[in-house]
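The structure appears right after this line, and notes come after that.
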Amino acid sequence: MTTVDLPLLPLGRGTDLSAERGVECPGDLPAASDPGLVARAQAAKEALGDRVFVLGHHYQRDEVIQFADVTGDSFKLARDAAARPEAEFIVFCGVHFMAESADILTGPEQKVILPDLAAGCSMADMARLRQVEDAWDALTEAGIADSVVPVTYMNSSADIKAFCGRNGGAVCTSSNAEVALEWAFDQKPDAKVLFLPDQHLGRNTAVLKMGLTLDDCVVWDPHRPHGGLTAEQLRDAKMILWKGHCSVHGRFSPAVVDELRATIPDVQILVHPECQHEVVLKADLVGSTEFIIKTIEAAPAGSSWAIGTELNLVKRLAAAHPDKHIAFLDKTVCYCSTMNRIDLPHFVWAMESLVAGTVVNQIEVDPETERWAQVALQRMLDLPGRSHKD
Ligand code: 13P
Ligand code: SF4
């Protein structure tokens, strides 16, 4: 088995277009200090009218989110993109894997634009196709590949989604992971799940929602021979978790939860399922970004919350709900650096280029990858209901 090397490229440098990591952003950007940027963005949006549809993930900066036609979590944005066949351009203020999914779910004549190509996702980069194929070979050698259903988190590259589509699996997001796992375990007698690439979402859903135990889960480490597991361990497991994680949500710790509970009376801890299992175990509520927003909207005035998710969203919630006490579940600043790559200069540049008739930073998935990734995404969109009340 080959272990694939993952050299870290500095963001914004390099030319690995197949990766979620940074590539050069071409063109002349307006200066960030230009006081006319907001007016320029408004003018470009007005000039494009219904030809453009702007999507904004909840982790985007305020300066960009103000121009979004819709905001949402990964699941909602995927559906929103698919529901706009009349828009010629979809400008995706989010990260690369989201723009890829939008390209897969929109028509061939629609163009999806990511204002900064360096807006990748380190978690998505942690599962590369060659590595996943190696893991699948090991499952085949262990005699269990026929009973394994691969499920990938939305936060993965299009070729990993296509791998899941080709092998009878599906995509899930943080708002439907439970339903997706129920679906996967129903696909075959004695089914096992290979969960990519976020071990935490996989473990939290399996143990806290599906009633599996920690002993039912093993972690496949793509940087160790045979994933660091024996064939017997693979055969005994119900959940084979990929060793990937979100570097933003990985920062939240059980110790800070304890500290906040000791210092803020009646505080409720609300976290995203990308957090470590030990943090989620100590939380009061867990759910996707959309779930977090709805929970705070429905909370009574005067209630106290500590939220474990990306800081742009937590700050926006605190500003929108001055009648509630909203704290951040980490002592230090914790933005998603790649989400933050989409700033006003990049947005203005992308929009003004469209007005001038030039399509920049188009995200296009190749037809064969698209075909199978679409199968996996459609299986997700066809799942009944959603696991959270959102
Ligand atoms: P959701 O928006 O699906 O909750 O995902 C959070 C996230 O980390 C996106 O990258
Ligand atoms: Fe990726 Fe985490 Fe950033 Fe989401 S918050 S885009 S999972 S690094």
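Residue numbers in this text run from 1 along the chain shown.
Placement of Cβ uses the backbone N, Cα and C atoms for every residue, glycine included.
Around His272 (iminosuccinate binding site), a 10 Å sphere centred on its CB holds 29 further CB atoms from the protein chains shown. The iminosuccinate binding site annotation in TrEMBL covers His57, Ser74, Tyr153, Met154, Asn155, Ser174, His272, Pro273, Glu274, Thr289.
Secondary structure at Cys246 ([4Fe-4S] cluster binding site), as computed by DSSP, is coil. Using a 10 Å radius centred on the Cβ of Cys246 ([4Fe-4S] cluster binding site) and all shown protein chains, the other Cβ atoms total 24. Annotation comment: TrEMBL describes Cys121, Cys246, Cys336 as [4Fe-4S] cluster binding site.
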Of His57, Tyr153, Cys246, His272, binding-site residues neighbouring ligand 2, Cβ under 6 A: Cys246
Cys121 ([4Fe-4S] cluster binding site): tally of other CB atoms within 10 A of its CB: 25
Max CA-CA distance, Å, over listed iminosuccinate-binding residues His57, Ser74, Tyr153, Met154, Asn155, Ser174, His272, Pro273, Glu274, Thr289: 17
His57 (iminosuccinate binding site) CB neighbourhood, other CB atoms within 10 A: 27
CB-centroid shell, 8 A cutoff, [4Fe-4S] cluster site Cys121, Cys246, Cys336, site residues removed: Tyr59, Val95, Ser122, Met123, Ala124, Asn155, Ser247, Val248, His249, Glu274, Glu310, Thr338, Met339
From binding-site residues His57, Tyr153, Asn155, His272, Glu274, the one whose Cα lies nearest Cys121 ([4Fe-4S] cluster binding site): Asn155
